[in-house]
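Enquirer: Attaching a single structure in C-alpha cells format; questions to follow.
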Amino acid sequence: MAHPTQLGFQDAASPVMEELLHFHDHALMIVFLISTLVLYIIVAMVSTKLTNKYILDSQEIEIVWTILPAVILVLIALPSLRILYLMDEINDPHLTIKAMGHQWYWSYEYTDYENLGFDSYMVPTQDLTPGQFRLLETDHRMVVPMESPIRVLVSAEDVLHSWAVPSLGVKMDAVPGRLNQTAFIASRPGVFYGQCSEICGANHSFMPIVVEAVPLEHFENWSSLMLEDA
C-alpha cells in the first residue's frame, strides 16, 4: 500500500500492473528527453547572439521536426495499445465475483458458489486493532486465490461508484443498471487496499476495498468455513 511522502506507484501485485509500471517509466523517459532538448534550445536561443543562415530557412530541419514527433508518438502509442488490450482480455477465469456498490459499502457475491456472499463495511476508528489501517480496513475482506485469473463483475445499487485496487492495476466504474467486468491475477499472497474512486456522496471516502490473496488451499478452507456459517 502507499505510504507518506511516496512519489511513485505502489508495488505491483499483478502482471498487468507490472506492465503499467514499465510503460510509465518508458513514457517518463521520453518526456524527460523532450523536456531536456526543449530546455537546451531555449537556453541556447536566449544566451547566444550568433545566427546561422542555413538554419533560418531549412527544409531539412523542418522535415526532421515533423517526422521526429510522429515517431515518438508511435513509440508511446504501440505499448499503450498493447496494455489496453491486455487489460481487456479475460480468458477462462477460475473464479467470478460480483461486487456491488452501495452508499457507502461494498457487497460481494461469489457466483461460482450457491450461497457465498457478504457485505464489506469499513471498520470504525475506535474498533481498530493494532496493525490495522484507519479508513482502509473492512470487517470482511474479499478473499481470492493467488495466481488464478479472477473476474470481477462490477455494478452499483444506487449511485455511481468505482471499484479500484491500485496495486492490482484494477479500476472499474460501478454504474447502476449496468454490469461491467474486469479481471486480475494476484501474483503473490498479501493484502491489497483500495477505495471507491468515484465521488458518490457524503461518505464517499469511507467505503474501502480490501482484497486478500491467499494460496488455493487456504482459499478452499476459507470458502468452506463461510458456507458453513451461511
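Quick reminder: no glycine exception, Cβ is built from N, Cα and C everywhere.
The domain 'Cytochrome oxidase subunit II transmembrane region profile' annotation in TrEMBL covers 1-91. According to TrEMBL, the transmembrane segment annotation covers 27-51, 63-85. Per TrEMBL, domain 'Cytochrome oxidase subunit II copper A binding' is recorded for 92-225.
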Enquirer: So what's the average pLDDT for the domain 'Cytochrome oxidase subunit II copper A binding' (92-225)?
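Expert: Averaging the confidence scores along the domain 'Cytochrome oxidase subunit II copper A binding' (92-225) gives 94.
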Enquirer: Work out, from DSSP, the number of helix, strand and coil residues along the domain 'Cytochrome oxidase subunit II transmembrane region profile' (1-91).
Expert: 67 helix, 0 strand, 24 coil
